[in-house]
Amino acid sequence: MLDLECNMIMLVGPMKGGIRYHPEVDPDEVNALAQLMTWKSAVADIPYGGAKGGIGCNPGDLSKSELERLTRVFTQKIHDLIGVHTDVPAPDMGTNAQTMAWILDEYSKFHGHSPAVVTGKPIDLGGSLGREAATGRGVVFAAEALLAEHGKAIKGLTFAIQGFGNVGSWAAKLIHERGGKVIAVSDITGAVKNPNGIDIPELLRHKESTGSLKDFQGADSMDANELLVHKCDVLIPCALGGVLHRGNAADVKAKFIIEAANHPTDPEADEILAKKGVVVLPDIYANSGGVTVSYFEWVQNIQGFMWDEQQVNRTLQNYMTRAFHNIKNMCQTHDCNLRMGAFTLGVSRVARATLLRGWEA
Ligand code: NAD
């Protein structure tokens, strides 16, 4: 099954979103994810509309050469829909830098060399330095902006992090470097805790060598479900959607939640957390570092010039901090929480662009 969905066509720039290979890809979900990308890009203030694409398949069941053929045939079917100034795909669940390299190669057969047609490419084919860490780094910049607003800093605060993959491990590493105490970490293999702070570089080495968090000497094992309600200052879900729900929200002890995963908090949990006074930094802002650095990759490809990693990280910090203050302004104007403030900011930017183009009904 092939599907590609896009909206906000050419309103402020090309459409942008991930291509997903997953057995449960379906058009309604792809539509919803494309729409979310629209609001996320608008909140980040990058000149993109939202898009998403997917193929219903299980990439784990396919050999590398089957994946390559699938990707090339998919690209042959959509090469007239995607393009540097129309729709710029990126990796998502089940796809990666290699998938983007195949799309780039196949697309270039039809349209000539076009590195900016996809982002999340290997560095050797025009990928951006700093892209791999970008979502986790953006989460940390977002946390810094939120904590500063509350007169706090990462240093000395305690953190619990669910998920130790790309986003969670980068967030943990950068928090550790800034003097934050990561006191609990979980992944699909289990969970560990240490009230004095886990040595994150050591935990990364352990995970790298054993493939698991289990048997890590620098911490005690704990129940993975307990992590979400563990006593800490900041909880960062970096794994799955829907992990905070009516069954556990009342027991959350963190004062701040940074939504690094997509949709970790369901609407009932949101209400319960709000009543408890827990401050929730929403996913459409908190995990936008990845799409923001994808935008930088596209800009570099169009410029034909590669930024150094410091420039990528510094510019990401500027974007994340600016977006936070724009959301806060919305919250003050409309007397609403951060999630409503972020959506109001995104929707109002899209509405303004629509009106300026004269598209009103
Ligand atoms: P990943 O596959 O690299 O890591 C996911 C992690 O979650 C792994 O460590 C896995 O073991 C862990 N996990 C899975 N089930 C778990 C469970 N039941 N309990 C605890 N841990 C569990 O994925 P990622 O790229 O780090 O993405 C994480 C989340 O962030 C996802 O929700 C994704 O949609 C979102 N996100 C990622 C990016 C990005 O650029 N990678 C951008 C935006 C949003």
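All positions are counted from 1 along the displayed chain.
Note that Cβ sites are derived from N, Cα and C of the backbone, with glycine treated the same way.
Just so you know, TrEMBL annotations are computer predictions that nobody has curated.
Feature annotation from TrEMBL assigns active site, proton donor to LYS52. Within 10 Å of the C-beta atom of LYS52 (active site, proton donor) sit 28 other C-beta atoms, taking all shown protein chains into account.
All chains included, 28 other C-beta atoms sit within 10 angstroms of the C-beta of LYS16 (substrate binding site). Annotation source TrEMBL lists substrate binding site at LYS16, LYS40, SER294.
For ASN166 (NAD(+) binding site), applying a Cβ distance below 8 Å and a minimum sequence separation of six or more within one chain yields GLU132, THR135, GLY136. Summarising the annotation, TrEMBL assigns NAD(+) binding site to THR135, ASN166.
When secondary structure is read from DSSP and collapsed to three states, ASP92 (site 'Important for catalysis') falls in the coil class. Annotated site 'Important for catalysis' per TrEMBL: ASP92, in sequence order.
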### Cβ-centroid neighbours of substrate site LYS16, LYS40, SER294, 8 Å, sequence order
GLY17, MET37, SER41, ALA44, ILE46, TYR48, GLY50, ALA90, SER288, GLY290, VAL291, THR292, TYR295
## Note on the structure
Between the two most distant Cα atoms of the substrate-binding residues LYS16, LYS40, SER294, the distance in Å is 13
### Query
Non-local Cβ contacts of LYS40 (substrate binding site) (under 8 Å, 6 or more apart, same chain)?
GLY50, ILE284, TYR285, SER288, VAL291, GLY346
### Summary
Whole-number Å distance separating the Cα atoms of LYS16 (substrate binding site) and ASP92 (site 'Important for catalysis') is 12
### Task
Please determine which of the binding-site residues listed here (THR135, SER294) has the lowest count of neighbouring CB atoms within 10 Å.
THR135
